[in-house]
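Contents: one structure, followed by commentary.
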Amino acid sequence: MQDEKEEEIEFHFDRVFYQGSEQANIYEFLALPIVTGAVNGVNGAIVTYGQTGAGKTYSMEGPSIMDCDENKKGLLPRVVDGLFSAIRLSGEMTKYTINLSMVEIYMERVRDLFDLSKDNLLIKESRAQGIFVCGATDICISDSAEALRSLSIGIANRAVGETQMNMSSSRSHCVYIFTIQQELKKEKRSGKVILVDLAGSEKVEKTGAEGRVLEEAKTINKSLSALGNVINALTGSPQGRANHIPYRDSKLTRILQDAFGGNSQTALLCCCSPSPSNASESLSTLRFGARAKHIKALAHVSLREDEDTKSPGALPVIKDESCKRILEKLRQKMKAEDVELLEQLFVLEGIFFDPNSVEEVEAAYEDATSRTILSLQRSVEELIATVEELKEENKALKSQIRS
């Protein structure tokens with residue numbers, strides 16, 4: 001690859017697919033190991049990244065999610081088929097349940113694509129579930145045909161728009177979430193497959209974006225920039241030193257927290273335009289991919305024991321009084337800010353308090369804030385309506401007096 005200064009730059013990736021590559025080959029190399037892992041309780045994520053018009057949505061969906069040539073089917077319908085094929089091969093001794101959610105991040109708001117009335121969902125975190133979208137519609141799917149019908153409904157609800165680079169440009173980041181519950185005799189396993197079709201990075205002078213489309217482009221570029229900052233933080237800290245990872249800088253980085261920095265097998269498909277006029281954008285995409293390749297994954301099987309199979313002698317979670325005593329002793333020998341960081345770490349790891357307590361408090365605060373804002377908005381609207389009514393009455397009174 002050469003940049004605009006004709007300097008040759010070399011990149012190393014796990015595999016390179018060309019314009020004539022088969023969609024099936026991309027699935028088998030990129031997604032099949034993740035699908036197999038999810039059926040066995042290991043979380044996975046597949047992310048498509050690149051500039052507008054580079055082929056991300058085509059790679060994800062194919063020409064159409066419902067009716068298209070078998071050879072042209074994208075990653076999404078192949079993942080659906082792969083999940084049910086893996087379940088059929090597992091035998092009848094294990095019970096599986098697959099649930100599907102579909103959301104988009106549009107203008108920094110998380111919208112439910114199965115229920116458009118849910119247009120500002122919260123992203124939350126718990127020890128049991130990791131990162132999840134609270135309140136998103138969860139559809140239980142029993143076969144591939146049902147899953148594809150549901151997906152086609154969600155895809156039809158996506159925010160798209162026309163630019164000079166693409167007749168139907170994605171104006172949002174789309175997230176498909178498959179949750180696979182596996183019930184064995186003495187344990188339950190839960191695996192997730194998240195597929196993310198990112199909106200493309202854009203240069204305004206090329207897309208000709210104006211008005212609302214321009215605002216959409218700014219928000220898209222800002223969230224992609226935040227994702228780049230997360231990648232840099234995950235791969236750029238000196239050995240032995242922890243870096244602050246800015247997951248909360250955008251809804252996109254928050255929802256991808258587990259995919260890039262948590263318990264997940266993650267595959268990144270970087271899509272590049274073959275046009276020489278897009279060389280600088282392709283170079284930027286390749287640099288992003290090369291950086292992301294250095295992230296170290298820590299995926300493991302997610303197990304959950306049934307209540308009746310837990311050991312009767314199991315130790316309970318340390319109670320609040322014990323936590324206070326431990327923290328007090330630490331404060332005597334350490335700086336207050338260091339103790340605060342340790343306390344946050346202990347809570348996140350479930351060593352202190354109920355594993356969900358902190359997240360529940362945070363979620364309750366966010367919910368209360370959202371309700372308060374909505375209530376204030378309604379009050380303002382009612383006041384405006386009342387003022388308008390009073391104005392009309394005033395006009396009527398003035399007319400009566402004059403007559």
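Heads up, residue numbers simply count up from 1 along the chain you see.
From the backbone N, Cα and C atoms, a Cβ is placed for every residue, glycine too.
TrEMBL annotations: computationally assigned, not manually curated.
Residues annotated as domain 'Kinesin motor' in TrEMBL: 1-295. Taken together, the residues of the domain 'Kinesin motor' (1-295) have an average pLDDT of 87.
Annotation source TrEMBL lists ATP binding site at G50, Q51, T52, G53, A54, G55, K56, T57. Within 10 Å of the C-beta of G50 (ATP binding site) we count 25 further C-beta atoms, all protein chains included.
TrEMBL lists 373-400 with the feature coiled coil.
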If you count the other Cβ atoms within 10 Å of each Cβ, which of the binding-site residues G53, G55 comes out on top? G53
What number of additional C-beta atoms lies within 10 angstroms of the C-beta atom of A54 (ATP binding site)? 25
